[in-house]
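Going by Swiss-Prot, these are the annotated features:
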{"type": "TRANSIT", "residues": "1-71", "note": "transit peptide"}
{"type": "REGION", "residues": "74-106", "note": "region 'Disordered'"}
{"type": "COMPBIAS", "residues": "85-98", "note": "compositional bias 'Polar residues'"}
{"type": "TRANSMEM", "residues": "127-147", "note": "transmembrane segment"}
{"type": "TRANSMEM", "residues": "154-174", "note": "transmembrane segment"}
{"type": "TRANSMEM", "residues": "195-215", "note": "transmembrane segment"}
{"type": "TRANSMEM", "residues": "233-253", "note": "transmembrane segment"}
{"type": "TRANSMEM", "residues": "265-285", "note": "transmembrane segment"}
{"type": "TRANSMEM", "residues": "289-309", "note": "transmembrane segment"}
{"type": "TRANSMEM", "residues": "327-347", "note": "transmembrane segment"}
{"type": "TRANSMEM", "residues": "352-372", "note": "transmembrane segment"}
{"type": "TRANSMEM", "residues": "413-433", "note": "transmembrane segment"}
{"type": "TRANSMEM", "residues": "465-485", "note": "transmembrane segment"}
{"type": "TRANSMEM", "residues": "523-543", "note": "transmembrane segment"}
{"type": "TRANSMEM", "residues": "559-579", "note": "transmembrane segment"}
Amino acid sequence: MTLPYRFSSVRNHSLLLKTSHLCTPRSALGCCFSPKESPFFRKNTAQFLSPQKHTSLPLKLVCPLASFSSYADSEGEEQHHADQPIQNPHESSTVSNESDGKGNAEATGDFSGMAQAFHISSTTARAISIVIAFSALTLPIFMKSLGQGLALKTKLLSYATLLFGFYMAWNIGANDVANAMGTSVGSGALTIRQAVMTAAVLEFSGALLMGTHVTSTMQKGILMANVFQGKDMLLFAGLLSSLAAAGTWLQVASYYGWPVSTTHCIVGSMVGFGLVYGGAGAVFWSSLAKVASSWVISPILGALVSFLVYKCIRRFVYSAPNPGQAAAAAAPVAVFVGVASISSAALPLSKIFPIALSQALACGVAGAIVFDRIIRKQLGHLLAKTKSPETSQNQPKTIGFLSDIAGPTGTQLEIVYGIFGYMQVLSACFMSFAHGGNDVSNAIGPLAAALSILQNGAAAGGAEIVIPMDVLAWGGFGIVAGLTMWGYRVIATIGKKITELTPTRGFAAEFAAASVVLFASKLGLPISATHTLVGAVMGVGFARGLNSVRAETVREIVASWLVTIPVGATLAVIYTWIFTKILSFVL
């Protein structure tokens with residue numbers, strides 16, 4: 001059987017047997033088969049078959065991801081992506097099997113998607129969802145923020161407020177986990193399960209350690225609370241409506257796989273409520289202008305930084321006489337920058353600049369040393385091969401910063417992708433932490449303000465609101481719950497549909513986006529992590545040429561961005577009318 005595909009068996013065997021649905025065993029010279037009905041997720045574990053056997057299975061041969069096919073295929077030469085279905089003499093059996101699979105998926109509902117993403121049974125997926133729902137309903141009872149010594153009605157309203165905040169945080173996790181992990185999954189560096197587990201820890205940590213920086217802007221930087229003096233219940237209803245409206249639109253977007261901006265959702269909802277129920281004077285226009293400008297600047301910055309990072313990789317790694325050694329030398333530098341940035345932004349031991357700088361530098365150096373040793377341990381045998389003069393004879397010469405470089409092959413390619421595979425995992429962690437610190441404010445800001453109004457009888461802008469640690473933890477838990485149950489839906493759009501990603505491209509996009517988001521979080525700007533990441537992925541695509549960016553996907557994403565603010569504002573106005581009627585009846 002002659003196949004028009006070229007597989008990189010060495011690379012696939014060493015890294016991808018456990019992380020993706022493409023491989024060819026080195027010993028059997030086999031082919032990778034994936035279930036025909038699933039272009040992104042595997043329904044069953046990948047089967048590794050020799051060409052002499054099982055040629056009549058109801059499966060389709062899938063061209064491997066560009067990231068782990070030959071380097072020439074993945075880095076600039078024309079790719080042949082025509083999927084060739086294997087001819088099966090038992091066609092009726094094939095149709096029957098596919099119909100049964102679809103029927104089972106429909107029978108299990110959304111749990112089938114979660115089960116496929118994590119490679120677990122639908123029963124297990126349902127059990128996980130039930131545990132999360134039960135925890136969401138019971139944990140608020142034990143939170144201090146529920147209110148101590150308050151009337152029963154106030155406690156019940158506080159309980160409902162915490163649930164609204166959880167709903168918003170849940171949808172942030174469901175939609176925005178792709179900002180941190182989509183490129184890693186798209187390039188094959190992480191599986192869905194690994195991505196979600198990693199994001200869960202780091203999103204929660206970022207929310208706890210950096211959530212207060214942006215939350216204050218969401219509390220007091222959007223609405224002029226003094227306009228609602230004497231109308232505390234109206235403002236309270238408006239804040240709840242903003243959470244409900246933003247959460248509703250995010251859930252719709254997540255269902256269809258649109259990576260919309262959670263920041264757009266919540267800000268649009270709050271502004272819509274303010275304009276209708278408080279007039280133009282209810283909106284803090286100067287602060288809103290600063291926030292809105294960041295929405296335009298952030299994707300541009302993300303695209304620019306990722307473009308430069310990827311061009312630097314191509315210039316200083318791909319075109320180096322020994323790309324493997326060049327990648328091994330560049331990796332600790334990138335790790336140093338990332339670790340030092342997180343240390344100074346999130347965990348400063350002192351506000352005195354020399355001490356904080358020394359701490360950041362020490363953490364960065366330690367991280368770089370540890371990462372260098374990991375690389376030497378895992379890839380040392382391959383790096384030793386590349387030290388011989390014969391290995392680098394056929395490598396391309398240095399030919400300019402913006403040129404199209406053919407790139408390394410063979411052992412050199414394996415080393416470069418191996419190193420950048422590790423680096424992309426670290427950049428995904430970097431992005432998860434930054435995203436948790438920035439986007440948890442979209443749920444916690446209105447939630448904390450609503451609790452303050454309800455329990456203290458003061459408008460959000462009247463006094464400084466201290467954000468309790470349990471409220472930050474509650475928001476972090478909501479994000480983790482959302483990314484666990486629905487996060488896989490949007491990952492496909494970020495990781496697959498904008499441009500083809502490899503570990504080097506994915507690293508460039510994630511590193512650029514995380515840097516921009518972390519810097520904005522430190523300044524207290526609620527920028528759109530979604531805009532930043534999509535811009536960064538597009539920047540990598542532009543670095544490869546305009547034809548490398550899928551215009552249809554970009555148009556669909558931009559269209560969903562444009563309708564987010566008016567939809568959020570409209571829903572907030574409707575929900576406010578409903579909630580004011582309910583509150584007038586209850587109180």
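Just so you know, glycine gets a Cβ as well, placed from its N, Cα and C.
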Item to check | Beyond the flanks of the transmembrane segment (265-285) by 6 or more, those residues with Cβ under 8 Å of it | outcome: 168, 218, 220-224, 227-228, 234, 238-239, 241-243, 245-247, 249-250, 291, 442-443, 445-446, 526, 564-573, 576
Next on the checklist: What residues elsewhere in the chain lie close to the transmembrane segment (465-485), defined as a C-beta under 8 angstroms and at least 6 residues from its ends?
Outcome noted: 114, 128-129, 132, 135-136, 139-140, 143-145, 162, 165-177, 196, 199-200, 203-205, 207-208, 211-212, 215-216, 219-220, 436, 439-440, 443-444, 447-449, 451-452
Next on the checklist: Let me spell it out: take the transmembrane segment (327-347), skip the flanking residues so only those 6+ beyond its ends count, and list any with a Cβ under 8 Å from a Cβ in it.
Outcome noted: 206, 209-210, 313, 316-317, 356-357, 359-361, 363-369, 371-372, 375-376, 379, 383, 415-416, 419-420, 422-423, 426-427, 430, 433-434, 437, 507, 511, 514-515, 518-519, 521-522
Item to check | Selection from 127-147, 195-215, 289-309, 352-372, 559-579, the stretch that has most Cβ pairs under 8 A to the transmembrane segment (523-543) | outcome: 289-309
Checklist entry - What same-chain residues lie close to the transmembrane segment (413-433): Cβ under 8 Å, and 6 or more beyond its ends? => result 8, 10-11, 14-15, 67-68, 70-71, 179-181, 183-184, 187-190, 195, 198-199, 202-203, 205-206, 210, 313, 317-318, 323-324, 327-328, 331, 334-335, 338, 341-342, 346, 371, 374-375, 378-379, 382-383, 386, 407, 502-504, 506-507, 510-511, 513-514, 517-518, 533
Item to check | Dominant neighbour of the transmembrane segment (233-253) in 195-215, 289-309, 352-372, 559-579, by Cβ pairs under 8 Å | outcome: 559-579
Checklist entry - Do any residues of this chain, six or more beyond the ends of the transmembrane segment (559-579), have a C-beta under 8 angstroms from a C-beta of it, and if so which? => result 234, 237-238, 240-242, 244-246, 248-249, 253, 258-261, 264-273, 275-277, 531
Checklist entry - Looking only at residues six or more beyond either end of the transmembrane segment (289-309), which have a C-beta under 8 A from one in the stretch? => result 217, 221-222, 261, 263-264, 267, 507-509, 511-513, 515-517, 520, 525-528, 531-540, 542-543
